[in-house]
Protein chains: 2
Amino acid sequence: MTFAAYIPPQAKDGPVPVLWYLSGLTCSHENAMTKGGFQEHAARRGIAVIYPDTSPRGAAVADDKAYDLGQGAGFYVNATRDPWRPHFRMYDYIVSELRSVVVDNLPVQDRHGITGHSMGGHGALTIALRNSELFDSLSAFAPIAHPTQSDWGRKQLSAYLGDDESAWSCHDSTILLEEHGWKGDILIDQGANDQFLELLKPEALADVMARRRQPGLVRMQKGYDHSYYFINTFACDHVDWHAERLHQTRH
Amino acid sequence: MTFAAYIPPQAKDGPVPVLWYLSGLTCSHENAMTKGGFQEHAARRGIAVIYPDTSPRGAAVADDKAYDLGQGAGFYVNATRDPWRPHFRMYDYIVSELRSVVVDNLPVQDRHGITGHSMGGHGALTIALRNSELFDSLSAFAPIAHPTQSDWGRKQLSAYLGDDESAWSCHDSTILLEEHGWKGDILIDQGANDQFLELLKPEALADVMARRRQPGLVRMQKGYDHSYYFINTFACDHVDWHAERLHQTRH
């Protein structure tokens, strides 16, 4: 598994907090590293950024011809069905395996925020909502917000977890937020001209946030689509969001 | 020929100046567009940015297996030797053909600055120095500064223009600057840890600028290499440099 890590200059003076950026369908560790524009702001605010890959890779790893299943499309779950079961354990990889590698080997504090885009926004939200003790700040760019009711979700959850939909709900941020809420506030950015709005379903998440009086904000950004230009434009705000929360004195 | 154009919001209120960005070896129109970070600053300063490709493309176009010759490596010359002669006319493409397309079809002023990286920095310098009436501002990132004396240059100039080296000197910015100077000032940024310093030869250009008392600055940037992270970091300074000169009242 390849991942990228940005370490800011402030790490020379002591360990810095970590921001996890989870990428979307088809991406590797490299896309956001080269196109997201986070490092400039992470350098300014003194936080490390970790960019994991989106799936296991390699000739010995199961795959599918579709862009939205298999390699590049791990969906941040632990697969229980073959042929995916042996390698597709992206949930555990983010929650524990890579986290240990990062904390044990890089000049960072054990203090974490998490964000991501599209499938990675789904990953950030679901992983944080299920592990609130592990993360102190949370945001997402155009997340797949309600995958149990979307073609970006039903196909993959069925393939990785089987047809019993009761196993899917713990990977749906709208359902998780409705059930558990989140201890802090949440920043969601969504392009109003996103070509995938029907698949992302931001209205499901916005609705549950409003009904639950969940602190946070959902920003529908005029004119923006689903691309890295959208991410790059608001990278500044998200890094600031996480930095403000991660640099607070811990309670 | 594919090119990219960024048009800033200010173009709604009237035509804006143009900054040309010429890319380096192996790049298409897309690399700097997605990784350079220029658009944010062009939006702030109200200038358009044009990203040309680095060569003709396609199955009917001559090519070479090497990364540094043929498609993706036009070197901004008009080839006079086969098999390159029919299509490899990147000098004319930048100086006149694409310029007409841009000025005639986009909401821009006929007022231009030019910059570029590596082979594209070579292109920006040589094209501006030979056509000072066409450009009002000039900069470069890690340019191939003295190609007639470098393996990044001798191979390509020989292939495209033949072995008579007298035909090469009008494509060498160190020689051109020595002979003609430049009407304005020039900004050169160069990474001090660039892995290609022996091929780029910034010392040749720095020497002639100092000897000729050419207004401008050569900045040797501590710790930076040849990558897009280097370009992205200083994109702000270069856009400001061009904007300050292009927005001045024309004389």
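Every residue, even glycine, has its Cβ placed from backbone N, Cα and C.
What TrEMBL lists as active site, charge relay system is B:SER118, B:ASP194, B:HIS226.
Here the features listed in TrEMBL are placed on the structure.
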residue  : record                           : CB count, 10 Å
B:SER118 : active site, charge relay system : 25
B:ASP194 : active site, charge relay system : 20
B:HIS226 : active site, charge relay system : 21
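Taking the C-alpha positions, the distance from B:HIS226 (active site, charge relay system) to B:ASP194 (active site, charge relay system) comes to 5 Å. When the alpha carbons of B:SER118 (active site, charge relay system) and B:ASP194 (active site, charge relay system) are compared, the span between them is 11 angstrom. In the three-state DSSP assignment, the secondary structure recorded for B:HIS226 (active site, charge relay system) is coil.
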